[in-house]
Each structure stands twice: as structure tokens, then as C-alpha cells.
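Undergrad: Shown below is the structure under consideration.
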Amino acid sequence: MRLAFWLYEGTALHGISRVTNSMKGVHTVYHAPQGDDYITATYTMLERTPEFPGLSISVVRGRDLAQGVSRLPNTLQQVEQHYHPELTVIAPSCSTALLQEDLHQLAAHSGVPPEKLMVYALNPFRVSENEAADGLFTELVKRYATAQDKTAMPSVNILGFTSLGFHLRANLTSLIRILQTLGIAVNVVAPWGGSIGDLAKLPAAWLNIAPYREIGANAAAYLEEQFAMPALYDIPIGVNPTLRWIELLLEKINAMAVARGVAPIEMPPLKAFSLDGMSAPSGVPWFARTADMDSFSNKRAFVFGDATHTVGIVKFLRDELGMQICGAGTYLAQHADWMRKELEGYLPGALMVTDRFQDVASVIEDEMPDLVCGTQMERHSCRKLDVPCMVICPPTHIENHLLGYYPFFGFAGADVIADRVYVSCKLGLEKHLIDFFGDAGLEYEEDAPASNVASGVEPSTPSVSSEVSASSSASPEASAPTPSPDGDMVWTDDAEAMLKKVPFFVRKKVRKNTENFARGIGEPTITLEVFRKAKESLGG
């Protein structure tokens, strides 16, 4: 067990609550010690919804354990009386799992009808956020999905959208807009916004859409096996993947339409998918060929995240923006094999699989790519390294839970991603220009002395100033070589001054390459001459 700080995935409780908090009429009771209700604060801070999270805690105290009593039955009664949920999900925390309590027996003593209770007693030490969320949603589908007649006209279920999902509402809106353009109705969206009654009517749809590898795919596979419902698992990230996604959707829907004697759906003009209905649905195809974006073909990108977004973004960056992929990885080991298959031919080396952010930061520092697409962790790491970074998946912070329409799915999503790539890379150039033209008043002086007027100190005379200046310039310490921030090599002042003229977003890479060059020729100190030789040797 590792200390749970800066982990990519949350606990099993976090995954369970993502599903239950997404649904209507579903409440969660955690059998846990005081303090595990931090999850409630997480939702109220990050989730941009007016509803309060449907989460309660059955507190376990030392005195209760000593007396052999449990608060769980009483807590379940209070939840039933106050919230009147259709279903209450009961789950243990890591602490209470050690007690080996029979939660089914405790729940039975609550007096709440058993059909309104569900004990989801997984092992919180072995199961993390995404696996717990996917497992619970699949169990709910198995419990409530009921065989029934299909809808008269083509309809689909959209599965896997959960609370605290990355750009959740915008992605869902993007998919629904595409479906409306095609004339396909949405039967159920679950778990987001769904109810127990909605889960019951899942088999009425013609097709299931499960774009997330992490949550929803197993539920779609169960519905396909039990109710012969075809499923679409492709990820509509990027212009061409979205076109293929629409083609596959129509192919599956029309196959069922022919069997049911319904007229097939024709592919509408691409303009119909645009926001105004008059222009191309995405500006990426022409924007990627502009002079402004042409330079991106030489830029290197590193991508790290969950399975769905890592695969989608790697393909988008290389296929549609022409960037070079210097590496990619994931913190979800259970999906690594699927990712290797999807990214075959895209990566220069092996897929990185780790849940240690330090390992990812080390790779970024070694590669020093022009762009990193990752999580909130990589954003922190890249800030220290002065490497441009854009967040593409959880874990995220408040700035990635937006009120506005910023999808990653569909044609509109392709535009959003392209904009973010462009801005993330170009802002570095802007900062360098501000540094470069600092004398024009575009930056603040870092070590500006306090005002003489404000401090009440009289200005020194020119003679005194000149003496101080002369003594400073004569001091041997003033021109002494300064050690590198990394502590490996020593740089002279003139070499350091020349290095500062290099744009900040490649400065660390230039420093590292110069030091490697100096070691190679046996120079312990980097002077201006050594710096120039390194520049010539490296093709600068």
C-alpha cells in the first residue's frame, strides 16, 4: 500500500459515488469512519450542478466497536425517511472492510425493503475508482434491465457518462446533436441523468453507444450478450474518427432497419452537422494546412492519461495535426493491451504503463517535448519544466469542469482540441517575446529596488555610485562561474547570459544538450566558446 497522495485514480468509494451521484433517485451510504465523507466536498467543489450529492455516511466509531453496535441500520432508516430514494447503495470503506462485517445482515435489520437496497461490497484495497464505477454500473444494468419490445423508430442508449467526467455535459451534447441530425432518438442516457426506470427500458433501444473504455463498455457487452443489442465502442475524437463513427452507426442502425421493415437513414450533407448548418462541421482540415499550423509537423508530443483519451488524442495529433509522437502511456494497466493494439504504428517505443507521476515527470524531463497532453499531474510537472501542457483527462481540477460548451467528442470537439493545442504551444512563444522585449516595459523587474522616496533614503551621489560600481566590477566573485541549477556543470556568466537569449520553452533542453556536449569533449566548465561549439555541433 502506498500513501494516497497524488494518485491518478481515486478510491473505490470515489468510483461508486461517480455512478450513484449521476443518477436520479439513487443514494449512497458509506459504512466508514468520520472523515471519509470528503467525497461530498469533492462533488460540491468540482461538479457544476445545482443538486447536492446524494451521499451519506454511516459513521463507525471506536466506542461503537467496543459496544458491539452498528449505526448502519439507523442510518439507512434516516436516509429512507428523508430522501425517499428508489435505491440505496451500501458500500464499505478501506477501514471498515478490515472489520469483516456482514453488511447484508446489517442492512436487513434496517427495516428498509430489501428491493430498495443494494450492498456493493467489493474489496477497496484491490479495486480503484474506474473499475469500481464500471463494476457498479454493470451490476445495476444486470439487476434492472428488462426484456421488452424495441422502439418503433431507430433509437440508441448512450452509456458510460458519469459524474465528474471529463467535459461530461459538452461531450454528451455533441453526441446528441449528431444523433438529432441523423434523426436517431436517444432512448436512455445512463448513468448520467438516468433513473432505475430508465435502466429497465435499456433493451428497448436498437443500439448501445459506449465511447468510454473505462466505464460503460462492460454494460454494453452484457446487453449485447443478453438482449442481442449491437454496440458501438469507437471513440469519436477527431474529424475522421467522427466520420467513421457516424458511418458505423448508420451501418448498424440500417441493418436493423431493413430487418424491421423501416426505411434506412441516409447520410446527410456534412454541413448539416455544423453549428450554423451552412458551413463545414470542423475547421481542422483547412486549419491544419495553414502556414501557422504547418510548423506543428516538426513538433514532438507526449501523451499520458486514461485509455480513451490517450488513444484518441495520439491519433488526432499525428493524423490530423501532423505532430510527431515521442511517447505515450497510461495509468490504467487493465486497458494497456487494448491500447497497444489501438496505437500500433503510432509510438516510437513501448507504451508506458505506470501509476507513479514521478516516472512520467522523469520521461517528460528526458524527452522535453514541445507539447504534453496529460492530467492535472502532468500540468504540475510541466510547470516546473517550462513545457507546454494541456489536460485531456482525469484527474483534473476546477478549471476543467466548465460551464461553457467545450466538447472533445465530435466535429466541434476536434475544433476545441486543435485550439487548445495551438494556444498551449503558442503561449510559450508569447512569453518569450515578453521576456525578449522586456526593456520596452512589457515585464516587471524581478529585483527592482525600493523607491527612495517611499523609503525616505536620500539618493547616493554619483561619486559613491561609481566607486561601488568599480569595486563590484573588480571583485573576483562577480565574474566567477555559476553552477548549473542541476548542479552537474558550471556555467560562466557570459555563457549563462547567452543561454538566457534562448526561448524559455526550449531553454532547459538547450542547457541539457550543451552540458552533454561539454562532457563529451571533457570540458568541466561551460564558457561562451563551449556554448557556441555546442550550438554548431547540434545544428543550431
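Including glycine, each Cβ sits where the backbone N, Cα and C put it.
I grabbed these lines from Swiss-Prot:
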- Asp36: [4Fe-4S] cluster binding site (BINDING)
- Asp292: active site, proton donor (ACT_SITE)
- Gly428, Leu429: substrate binding site (BINDING)
- 451-490: region 'Disordered' (REGION)
- 457-481: compositional bias 'Low complexity' (COMPBIAS)
Undergrad: For Asp36 ([4Fe-4S] cluster binding site), what is the secondary structure state per DSSP, taken as helix, strand or coil?
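TA: In the DSSP reduction, Asp36 ([4Fe-4S] cluster binding site) maps to coil.
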Undergrad: Out of Asp36, Asp292, which of the recorded positions is least crowded by other Cβ atoms within 10 Å?
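TA: Among the recorded positions Asp36, Asp292, the sparsest Cβ neighbourhood within 10 Å belongs to Asp292.
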Undergrad: Would you mind reading off the Cα separation of Asp292 (active site, proton donor) from Asp36 ([4Fe-4S] cluster binding site), to the nearest angstrom?
TA: 50
